[in-house]
Amino acid sequence: MTISKEQVQKVAALARLKLTEQEADQYTVQLNNILQFAEKLNELETEQVEPTSHVLPMANVLREDEVVPSLPREKALANAPDQQDGMFRVPAVFEE
Amino acid sequence: MSLLRESLKEIHKRLASRELSARDLAEESLRQIEQKDKEVGAFLLVDQEGAMERAAKLDEQLAAEDQRGILAALPAGIKDNLCTEGVTTTCGSRLLANYVPIYNATVVDKLNEAGAIAMGKLNMDEFAMGSSTENSAFKLTRNPWDLERVPGGSSGGSAAAVAAGEVYFALGSDTGGSIRQPAAFCGVVGLKPTYGRVSRYGLVAFASSLDQIGPLTKNVEDAAYVLQAISGLDVKDSTSADVEVPDYLSALTGEIKGLSVGVPKEMMGEGVSAGVRARVEEAIQKLEQMGATIKEVSLPHSEYAVATYYLLAPAEASSNLARYDGVRYGVRKPGKNLLDMYLETRSQGFGPEVKRRIMLGTYALSSGYYDAYYLKAQKVRTLIRQDFERIFEEVDVIVGPTAPTTAFKIGEKVDDPLTMYMNDILTIPVNLAGLPAISVPCGLADGLPVGLQVIGKAFDESTILRVAHAYEQATERLPVPPLGGIEA
């Protein structure tokens, strides 16, 4: 499988990245090299193999649903690039 | 000799007899940083005020109580992907250049409880993605053994600061080798604990099924002390394991007679440089002389580990790094609407390697490619785990080199991502299997340190510490690194 420059631009858009033409060219070459290297995995027959998503025997960790103090608003907003009336402020979703 | 190169026992003795104070140690660390860090570049931020405050407070405590924490008064460096309350935590990224956490990582709290003095934040590859620390958005860190060479990565600042004697020990994180490889390159000890052994709460997430925090120290005993202090279940991290933490110090018996040591032939193959192989072979002979039984074993799927890792880790990263949108924290870049603000923030905030991995991960997870890449890699991960399980039915530990070469030159590999990725070929399988491993110095090749890697069974840090410690006791320590002629 190879990835085209168009696909690279599409993936970038999905990942909320904006690439220059030059970056898109470069990433197309580099991602193809990496994906070509990854083709190596196809040498292995894995039809019957269970996938591993986690190495520990994981189970849901539960606790009693008790009311406990939560983060104070001013702390939660301490790193906000922009805020108003105790809320995070962002640019308009739609253009005016 | 600098105070920071004294043994922990000696320091504790002098603290007890009041010959030495926490302030003396913190001041010595500041002096060493002042003297050396212009050349080494390990620190992104030196928290002089905070460190001296903590030291003064500790001195009061030490005067009032007879009890001391196990890391009392030891100056420590913290990798900059560990959150420190009130102290800027950049993760080596422009995007987080102004981020001041409102809480401590659990390991940082635990170090404080144990009496260590955090001196500041250490350089790293951006979001821990890299093997040379050259992907830091802020500065270059140099290898104290040769200032023209990289310290390794991504915990390059941590390894260099310990090697240069700027701090007593440091914390790093290891997703595919990021503690062990820089430890090997800089001639220090680096330990990656079992997945789940140490809480990841407050560690900026890269690949959540692989990340672990661990110590970088001058010797194995110190690594055991630090591991003791930071291990254990944490209600704030649901992936931290509810497994009893043993007394790691009592494992350091100096005795390995009768122990069975596996040497995978794949770890000693053609990709490993002649110098590295020679030192590691000598180390294996040493273990045999000390009474261990050496067995050749095989990890048949290890050749697939790098490809597996470079699909899984970027996939997890692409999801974890979706949170950097310029809304709640970090550096926002203005845009004409919300989407445009996201695009500008992320495109200007992330460096090239981080973007590359986000795109690789997004692609591997995208509809139509998920089965071919992500699911396939998860299945191969199972095969790699099973290789280790099989071997550990017949041996107690596995040994081999930590990295295929010694430290390479700055700039040598930056243009070719795939060549850079191959650095991690010997460390990645361990992360995929979630096992503990330690890198301990085993001599020099052409004047540069070589690391011996000892891999253990899950939650059996005791045995890898025991083997590494016994080896270290039976061999000559490395000299102090030359640091380009600056007095160490």
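Cβ from N, Cα, C; glycine included.
Because TrEMBL annotations are produced automatically, they should be read as predictions rather than curated entries.
The structure displayed is predicted, hence computed values, not measured ones.
For reference, TrEMBL has these:
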ACT_SITE  B:Lys79  active site, charge relay system
ACT_SITE  B:Ser154  active site, charge relay system
ACT_SITE  B:Ser178  active site, acyl-ester intermediate
DOMAIN    B:25-465  domain 'Amidase'
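Sequence features, as recorded in TrEMBL, placed on the structure.
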residue: B:Lys79; record: active site, charge relay system; CB count, 10 Å: 33
residue: B:Ser154; record: active site, charge relay system; CB count, 10 Å: 33
residue: B:Ser178; record: active site, acyl-ester intermediate; CB count, 10 Å: 37
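Summarised as a single figure, the pLDDT of the domain 'Amidase' (B:25-465) averages 97.
Looking at B:Ser154 (active site, charge relay system) and B:Ser178 (active site, acyl-ester intermediate), their Cα atoms lie 5 Å from each other.
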